[in-house]
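Participant: Attaching a single structure in structure tokens format; questions to follow.
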Amino acid sequence: MATVKEMKTATASSYAHPLDSLSGEEITLAAQITRQAKPQLNMVFNTITLQEPEKKKMMSYLGWNTEGPRVTEIEREALVVAMERPSMKVFEGVVSLTTGKLKSWTFVPDVQPILTMDDMFEVEELVVKDEKVIAECRELGITDMSQVFNDPWAIARHVNYPGRSKRLMQALMYMRTCEEDNQYAHPLDFVPIVDVGEMKVIGIERIKPRDSKFVRPTIPLEKHNFLPEFIGEENMRKDVKPIIIQQPQGVSFTVKGQEIDWQKWNMRISMNYREGLVIHNVSYQDGAEKRPLFYRLSLSEMVVPYADPHTPHYRKHAFDVGEYGLGLCTNGLTLGCDCLGSIYYFDATFNDHKGEAYTVPNAVCLHEEDHGILFKHTDYRNGRAHTVRGRRLVISQIVTVANYDYGLYYYFYQDGTFEYEVKATGELNTHVLAQDETPGGYGVIVAPQINAQYHQHFFTMRIDPMIDGPNNTVGQVDCHRVPYPTGHPNNTFGNGFYSETTMFRDSHQAQAIPSYETSRVWKIFNENRLHPYTKAPVAWKVTSMHQAPLMAQDDSVVGERAGFAKKTVWVTPYDEKQMFAGGFYCNQSDGSDGVEAWVKEKKDVSNTDVVLWFTFGITHLPRVEDFPVMPVEYCGFKMQPCNFFIANPGLDIAPTNKKVNQSVLAKSTPAEKEGSCCSTKL
């Protein structure tokens, strides 16, 4: 092994910006430095990622903080989470890639770090070779174990294995009748419990039929496939004509390393193992002024709790960010499939258990989309119509977490709007029923003996605002009817209503849920800058059409672990250690860390550096039409300038015309194609 002196350390020339993701060389270097500093440990590298610079230093580096001399150099650091085998003790280390030294090394008791792809593959292979699993399969009539598959899941909290002293997983079992068969059409009725530290199956739980005369359900063998080779070319639609997206003059964005410029927007992106795609340092060019808007935007956590209260289903509430990692689960995207048009890709690099780097090519897609009319008005007096079409910049990734696939999209619009959208697709998690069994009110039968259980999807964004500066205040806006009946002098015709703004001054007050009755929205204000027209603080409005209450009890296992899902809005003072709504060590967590725990102590959130945690989601009652593969379900939220600019910021966009966009009249009928006298020619 090379000595530290022989290793290449990170210099200012080896990376473009302090917020750039770690390169493969930097990941390898961090692992080497750690091993040499701790040679006595049989080390498994769970994660190696960028230790983001201290915000105060970064703000000075960006020129967003003018106090004191400007910082021009920032030490490059990596955060290492490692485990020792066979004890599975967890350690955190900070490695200086600039000096080549391990700066700190801390034993972290009673935690379990994220489950990696190495963990998944090892458990999946272990389960199908276990004699107890083989015996269960044999009893079900399966003799060929190459037909048996499993999805390794986080254990959540198991009543028989309390605490976090053991690193546990549960395997959801399926079979395939052929290589590319849809395994979710053939669920099995037992769940192996795996000790990942000892790499052995320590228990098997059978899922007993309820209100059934059968002791065990049979395996549903009817095939339900969606891949084209099963559908058959002769059955594919023949009337779908190509749609070709072209930009003959090139794209309107520019990319320099991980920095993006587009239509007055400027931002940086990065990818990490956990949050996946992160947006940094968002600003908007308003005339001669470059106005900062957001320091950091990311999907901090999500949870998918299932409705069936019986064992083992109460443990099915995946934290896809904190237990599996959106970066680790990201797809390499395919040109012409996942994004259409003129595409720019970014790769993503992560580490395996050996500390070696691997790269996911085309992990992030950057492109532009036409988004319909941005604004229009027709003067009915003279018939003049002014139409401006809008477009949006799309920065996206797609992740696969076992059965579910999620498209995660950051949208930036020409009128200053920002939107985040989740496209949930993939396959339903299925559970086998006995021949005479029903879902019991907790799911729907999507095919004979196949139960798709009700569940919810919650997503919590971490929004670190910089609305014209670091000191912001979050407020709530409610609309009310005026308190006067119809006929009153102050409400003669009964139509009066008004809005009321409540500024959140502390973290106890700054906890909110939606209100349909008051058309509730939230705003992020800068109370230090007044709008020249309204004479009120400039602001950005936060809204979502996708808000659902957590249906589980507050003291349920998922309620205790996913406290962030109990509210739509939480506001906390900025703390660089508080990055993840479900806590840093989310796997097998107990709820003692995370945003719900952080707000127990009342803290000032008024006109200071704050973080807004915004939760949105959907309640998914599956349909038969969601099987065998699910059409996309959409959810998300948006942020819009609200009395921030002095006018519509898109006024300088040229009007639309067919010479530019090359639109033509469609000719769909035989007569039109032949050019009949009724057809209109351009």
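Note that the numbers count up from 1, one per residue, in the order the chain is shown.
Note that Cβ sites are derived from N, Cα and C of the backbone, with glycine treated the same way.
Here's the feature list from TrEMBL:
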- 17-106: domain 'Copper amine oxidase N2-terminal' (DOMAIN)
- 113-206: domain 'Copper amine oxidase N3-terminal' (DOMAIN)
- 244-650: domain 'Copper amine oxidase catalytic' (DOMAIN)
- Asp320: active site, proton acceptor (ACT_SITE)
- Tyr404: 2',4',5'-topaquinone (MOD_RES)
- Tyr404: active site, schiff-base intermediate with substrate (ACT_SITE)
Participant: May I ask for the distance between Tyr404 (2',4',5'-topaquinone) and Asp320 (active site, proton acceptor), taken between their Cα atoms and rounded to an integer number of Å?
Facilitator: 10
Participant: Give the residue counts of the domain 'Copper amine oxidase N2-terminal' (17-106) per reduced DSSP state, in the order helix, strand, coil.
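Facilitator: Once the DSSP states are binned, the domain 'Copper amine oxidase N2-terminal' (17-106) shows 22 helix, 30 strand, 38 coil.
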Participant: Please spell out the DSSP helix, strand and coil residue counts for the domain 'Copper amine oxidase N3-terminal' (113-206).
Facilitator: 28 helix, 31 strand, 35 coil
Participant: What average pLDDT is reported by the model for the domain 'Copper amine oxidase N2-terminal' (17-106)?
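Facilitator: On average, pLDDT over the domain 'Copper amine oxidase N2-terminal' (17-106) sits at 96.
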Participant: Within 10 Å of the Cβ of Tyr404 (2',4',5'-topaquinone), how many other Cβ atoms can you find? Include all protein chains, please.
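Facilitator: Result for Tyr404 (2',4',5'-topaquinone): 20 other Cβ atoms within 10 Å.
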Participant: Sequence gap of 6 or more, C-beta under 8 Å: which same-chain residues meet both conditions with respect to Asp320 (active site, proton acceptor)?
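Facilitator: Non-local contacts for Asp320 (active site, proton acceptor): Met302, Val303, Val304, Leu326, Cys329, Val399, Val401, Tyr404, Tyr406.
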